[in-house]
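Working notes, structure below.
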Amino acid sequence: MSVQRLPSSYKIFHGQRSSASFSPLSTHSLFLFRNGARITHASPFPSIKIRRECRKIAKKGFLVQATSESSFGLHKWLPASDVSISDVLWPSAGAFLAMAMLGRLDQFVASKGISFTIAPLGAVCAVLFATPTSPAARKSNMFVAQIACAAFGVLAFSLFGPGWLARGASLAASIGFMIATGTTHPPAASLPLLFIDGAKLHKLHLWYALFPGAVGCLLLCLIQEVVIYSKENFKF
């Protein structure tokens, strides 16, 4: 596949798959490059016209992609025809394997009244397997956020007891911490609420900062590596 580079980071790909890139020059004007031709749109709502052009290109079998995020919030457009079986199969298989293994671990801790198959880890699976390159899927973000947010839940429960005040304070602290430290990982924000409302988890005290969230994430990270390897080497 040859690549023709155009000014202002525009790229046109020639071959089996092609690409069109766009970027706003002003609030009323957009330039769209399609197969080497520049199309000018002047409209108070340029994103609507750009989306329409993207759909037309996608219908012809091209891959439409922006080189950078624009002020209109236009992201990558991926036609359904460009999603391979591997893109669906391996992440789904990874999620199944993750829940199966976490369920197996539950058999060893069931006598203590706790579980690895908690809702936050389901959300972690979605992040790791469906969007492995997103900031939320970074290992550092995940573990720091998981440990900190769980600890905020324990601390809020100790200070305020069960109720709306503990939930609000722990969630606010969790979000503030993730923003301040740059460790955004949305699934971790549910850990404080899970602890405050889960009577069986109260016996863990500060151990809850590591178990089951952070410990479960270790297993999920290993499975993610298997999924990534499988997608790259066993394509359908």
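Glycine residues also receive a Cβ, built from the backbone N, Cα and C atoms like all the rest.
What you are looking at is a predicted structure, and each value in this text was computed from that prediction instead of being measured.
If you look up TrEMBL, you'll see 83-224 marked as domain 'HPP transmembrane region'.
Non-local neighbours of the transmembrane segment (114-131) in the same chain are 90-92, 94-95, 98-99, 102-103, 105-106, 137, 142, 185-188, 190-191, 194, 200-201, 204, 211-213, 215-217, 220-221, 223-224, 227; each lies 6+ residues outside the stretch with a CB under 8 Å from one of its CB atoms. Per TrEMBL, the feature transmembrane segment maps to 114-131 (among others).
The feature transmembrane segment is assigned by TrEMBL to 143-165 (among others). Proximity of distant same-chain residues to the transmembrane segment (143-165), defined by a Cβ-Cβ separation under 8 Å and at least 6 residues beyond the stretch ends, is recorded for 173-174, 177-178, 181, 183-185, 188-189, 191-197, 202, 205-206, 208-210, 213-214, 217.
Packing against the transmembrane segment (171-194) from elsewhere in the chain are residues 118-121, 123-124, 127, 135-136, 138, 140-142, 144-146, 148-150, 152-153, 155-156, 201, 213: each is 6 or more residues past its ends and has a CB under 8 Å from a CB in it. For 171-194 (among others), the entry in TrEMBL reads transmembrane segment.
Remote same-chain partners of the transmembrane segment (206-229), defined as residues 6 or more beyond its termini with a Cβ less than 8 Å from a stretch Cβ, comprise 90-91, 93-94, 97-98, 101-102, 105, 114-116, 118, 120-121, 124-125, 128-129, 132, 137, 139, 142-143, 146-148, 150-151, 153-154, 188, 191, 195. What TrEMBL lists as transmembrane segment is 206-229 (among others).
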